[in-house]
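Notes follow the structure.
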Amino acid sequence: MVTPKFMSDLFEGDHLELAKLTSPNGDNGIKFNEKHVAPRVLSRVFSEDYKRVKRRRRIFDPRGQTIHQWNKIFLVACLISLFVDPLFFYLPIVQDEVCIDIGIAVEVFLIIIRSIADVFYVIHIFMRFHTAYVAPSSRVFGRGELVIDSSKIASRYLHKGFFLDFIAALPLPQVLIWIVIPNLGGSTIANTKNVLRFIIIIQYLPRLFLIFPLSSQIVKATGVVTETAWAGAAYNLMLYMLASHVLGACWYLLSIERQEACWKSVCKLEESSCQFDFFDCNMVKDSLRVSWFVTSNVTNLCSPNSLFYQFGIYGDAVTSKVTTSAFFNKYFFCLWWGLRNLSSLGQGLLTSTFVGEIMFAIVIATLGLVLFALLIGNMQTYLQSTTVRLEEWRVKRTDTEQWMHHRQLPQELRQSVRKYDQYKWIATRGVDEESLLRGLPLDLRRDIKRHLCLELVRRVPLFDAMDERMLDAICERLKPALCTENTYLVREGDPVNEMLFIIRGNLDSYTTDGGRTGFFNSCRIGPGDFCGEELLTWALDPRPTMVIPSSTRTVKAISEVEAFALIAEDLKFVASQFRRLHSKQLRNKLRFHSHQWRTWAACFIQVAWRRTIQEKKGSC
């Protein structure tokens, strides 16, 4: 709750700037904390008070759920865009008539997908114009103040980040392929290839760069990019496949250019009858082109088996006829080529003497080295996180084995220790619940304890009649306890340190009444039962002694047991805070469900019955 004094300090402090603006209600003032304030609004506000400020224009909290969800959606859109853009390199296709054509159907499909992806970049710019930012001068302490003034947000964004987002959002391929290139002179195929080579790559770089700050924002908000380790490993593998996808597309386009370069070399030899425009499929039916093609030896000279021209690393594309194949066939072949050479660091590439080809091979080797190292490192980190607790348990088990060997424990004790460790691992999977709960706020810790323990505590008939506050106090102090088969929870005559509420498993409870000759009483207890009730009797004593009571029974687990334990100090605290535990009705209920009181009652009934029998015999 924001107090009037806080509002006064907030309006008068140096950290607050005021700007004149009409209220959302249309009058000359705004309501803040149920008070009518002057017609000025906050331009900066603490993050905790952000939701209390109502504005006419929607300003998003950079730490809020809306921005967090949008960042995830935009990250997916960016990855789709990075996948779609290299597909434009597959538009040129080599025809049997020794010419290059453009796949119209693929072109239309890619432009539609690219246009949809561009919409997300435009929305991202809109979101950036309406997202508050933390004032740099307020980062000294706490989470800082949010600047919510629209003009300041716009000014900051225009000077920082807008140009990059604007370049990434431009629909350059659509405009150039559909509008600019058809109106240019010269070969349409040559112009299209130049656009694909330069414009796509130039715009691809800022789009690729946007991935890194976007991932950083998601990590700052949640600590991770993905929620699970397997999703994180798949995310890094997908980035590696994306690099293979880009390299394969570049290799395909360069293969077509190398094949066209071979044709042009032959054309120079046949200069009298050949023109470079002949390699555009729009010129296939031209009479000069037809006569040249009939007499030309271009098909034989530019064959992969010919020694006329060195295709270098692009020889596979010509030999396998990738450049003339259908879209999906050439795409998957190029993807495999990129993945294979990226993983092998380009060791299988046999280059020619062309400088551009050698530089491309160097890029493949360098990029493969960096990306492969990052992939292995990130994959190892993500996958190890799924087995880190298992590895910790193995290390701890090794330490335990070494300690038992050093202390020369007998085999039966060693087996008991191993059995307990294994059962504890199966039950908890290495998670220390108490340690996790201690790091949470008190209110949240109480709610979790209530969720985990309330129904289990209510199974105990003794606690069924208690009110909610008393049950919450008990649940808050319950601690999980595990016992393996043949474990003695308590022995007759030993001090009772804790009261146990059985959740799962069965136990034997028996007594000899202090070792009295011929006396033996036993019973079976299971889920919903409890033991150690002597401790509750001690805690309910108005003047309890410092000496913890001794157990009147021996309790032994006959199967694996899960229980909640309430230690003596906690039980004493609950009994002192809630006087209802001292009620006569609750005491009677305790005695009714207590095995100790049942045994005493049975003994008294037996004594009374024997006395009655003896009196009857004496009277006869």
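Cβ coordinates are placed from backbone N, Cα and C, and glycine is handled just like the others.
The feature transmembrane segment is assigned by Swiss-Prot to 73-93 (among others), with sequence analysis given as support.
Here Swiss-Prot flags 102-122 (among others) as transmembrane segment.
Listed as Cβ neighbours of the transmembrane segment (161-181) (distance under 8 Å, sequence separation of 6 or more from its ends, same chain) are residues 85, 88, 107, 111, 114-115, 118, 121-122, 124-125, 128, 188, 191-192, 195, 199-200, 203, 206-207, 209-210. Here Swiss-Prot flags 161-181 (among others) as transmembrane segment, drawing on sequence analysis.
The feature transmembrane segment is assigned by Swiss-Prot to 198-218 (among others).
Among the features that Swiss-Prot reports, transmembrane segment is placed at 237-257 (among others).
According to Swiss-Prot, the transmembrane segment annotation covers 356-376 (among others), on the basis of sequence analysis. When Cβ-Cβ distances below 8 Å are used as the criterion, the transmembrane segment (356-376) is approached by residues 236-237, 239-240, 243, 247, 250-251, 254, 258, 312-314, 341-347, 349 of the same chain, each at least six residues removed from its ends.
Per Swiss-Prot, the feature nucleoside 3',5'-cyclic phosphate binding site maps to 462-559; the stated evidence is sequence analysis. In the three-state DSSP assignment, the secondary structure recorded for TYR488 (nucleoside 3',5'-cyclic phosphate binding site) is strand. With a cut-off of 8 Å between CB atoms and residues at least 6 apart in sequence, the same chain places THR554, VAL555, LYS556, ALA557 near TYR488 (nucleoside 3',5'-cyclic phosphate binding site), listed in sequence order.
LEU540 (nucleoside 3',5'-cyclic phosphate binding site): 18 other CB atoms within 10 A of its CB, across all protein chains. If you look at the transmembrane segment (237-257), the same-chain residues 6 or more away from its ends with a CB under 8 A from one of its CBs are 79, 82-83, 86-87, 89-90, 92, 94, 100, 193, 196-197, 204, 313-314, 317-318, 322-323, 330-331, 334-339, 341-342, 356-357, 360, 364, 367, 371-372, 375, 379. Every protein chain considered, the tally of other Cβ atoms within 10 Å of the Cβ of PRO527 (nucleoside 3',5'-cyclic phosphate binding site) stands at 16.
Of all the Cβ atoms in the protein chains shown, 26 others lie within 10 Å of the Cβ of ARG553 (nucleoside 3',5'-cyclic phosphate binding site). Note on the transmembrane segment (198-218): residues 68, 71-72, 74-75, 78-79, 81-82, 85-86, 88-89, 164-165, 167-168, 170, 172-173, 176, 224-225, 246 of its chain, located 6 or more positions outside it, place their CB under 8 angstroms from a CB of the stretch.
Classification of PHE501 (nucleoside 3',5'-cyclic phosphate binding site) by DSSP places it within a strand.
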